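Participant: Attaching a single structure in structure tokens format; questions to follow.
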Amino acid sequence: MNFAEEARSMQEMLREFRRDIHMYPELPMEEFRTSGKIKNFLKENNIEILPLNLPTTVVAVIRGEESRKRIALKADMDALQIQEQTNAEYASRNEGVMHACGHDVHTACLIGAAAMLKRHQKELQGTVYLIFQAAEENLCGAKQIIETGFFSDEKIEEIFSIHTNTSIEAGKVAFMRGASQASADMMTIHIHGKGGHGAFPNTTVDPVYIASQLICQIQSIVSRNIDPIQTGVVSVCKMTAGTSGNIIPENAELSGTYRAMTPQVRELIRERLKSLCRGIEIGYGCECRAELPDGCPPIINDPVLADTAKKACSRVLGEENVLELSPAMVGDDMGFILEKVPGVLGALGVRNEKKGIVHGNHTPYFDVDEECLWIGAACMAQMAWDSLAK
Ligand code: NI
């Protein structure tokens, strides 16, 4: 079985589906129109929808040979709070909301794969679950599915997914064994000092000065604590303090993000942040409290399944179009799922310089070369098929 031709013949339908979702993007946990459209498509194609009882996430199943493996394909479907500026005819009609991360593309690719796998259900050597996941951007969606017990109840053994990538040309896909994306956690640090007149700093505990010291110290985590062969990033992206040029304020606040490719480095960064805050308290006589809520774990691709995915996609696109993925410090909440189920998150090339499609994910100019649609659909179907056939 090779899904290339069948997927290519669906291109018009996929384009229409994608453009419709693109025009009406929805924020995390508000994907009611999108999930309604997905459900309609599944029903029209007689694909069984599972009653998972989640507000917008849709999970469906195509049951093949029952005694064999059970695997899942996943797409996310939520949009971002960005005002689209592409001027495309299918640009967002929802003010301030945009599919700027290609989740509309992921959704279209998965419905394409679903339709094809359904057509060949009789020959399917196992069971394929189709996950249309809500709320990736706020890192809630994957966790919600896990909390329903779905992955253990259904005994899912493998999971495959792809994500649009603007540094890879349309027509190509890429995969990587091991850690390909970072954990992504946010931090907020509250510094409480003592305010006063800017002329009498000696009577104050100046949180602005202390915050500036802490920012410098935080940069020692990556440069002095992490093994140079490993990698991590800590970025303070926001600082807030003060009201006027001659008043030393009482409080300062820093917020930022920290990222790592392994759970160990992630933990090291977290612990160092806490210690530095304690040190600041002792050193400067202020209160310094770090809020470190859990973000999402790194994407660690199963090496064997990464090879399976590569081989499957090579059959669809030719070996020359299946690349080695470069790791990046961006996060994806599929990390939660990969802690439970071995799997792969690959990259779907969407770039086309001739057409001016070069803008990065999460920018108001983001777009894709729609050739990626049939390619994504074919690759998804092929990964599922080949993995079940093994
Ligand atoms: Ni995304």
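Any Cβ shown, glycine's included, is placed from N, Cα and C.
It should be emphasised that the depicted structure is a prediction, and the values quoted were computed from it without experimental measurement.
Straight from TrEMBL, here's the annotation block:
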type	residues	note
BINDING	C101, H103, E137, H163, H362	Mn(2+) binding site
DOMAIN	186-278	domain 'Peptidase M20 dimerisation'
Participant: Pick from H103, H163: which of these binding-site residues has the biggest number of other Cβ atoms within 10 Å of its Cβ?
Facilitator: H103
Participant: What are the DSSP helix/strand/coil residue counts across the domain 'Peptidase M20 dimerisation' (186-278)?
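Facilitator: Grouping H, G, I as helix and E, B as strand yields 38 helix, 33 strand, 22 coil.
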Participant: Less than 6 Å between Cβ and the nearest atom of ligand 1 is the rule; apply it to the binding-site residues C101, E137, H362.
Facilitator: C101
Participant: Within 10 Å of the Cβ of E137 (Mn(2+) binding site), how many other Cβ atoms are there?
Facilitator: 20
Participant: Have a look around C101 (Mn(2+) binding site) and count the other CB atoms within 10 A of its CB, chains all included.
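Facilitator: Counting Cβ neighbours of C101 (Mn(2+) binding site) within 10 Å gives 24.
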Participant: So if I measure Cβ to Cβ from H362 (Mn(2+) binding site) and keep only same-chain residues at least 6 apart in sequence, which ones fall under 8 Å?
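Facilitator: Same-chain residues close to H362 (Mn(2+) binding site) (Cβ under 8 Å, separated by 6 or more) are L80, I82, A100, C101.
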Participant: Work out the three-state DSSP category of E137 (Mn(2+) binding site).
Facilitator: coil
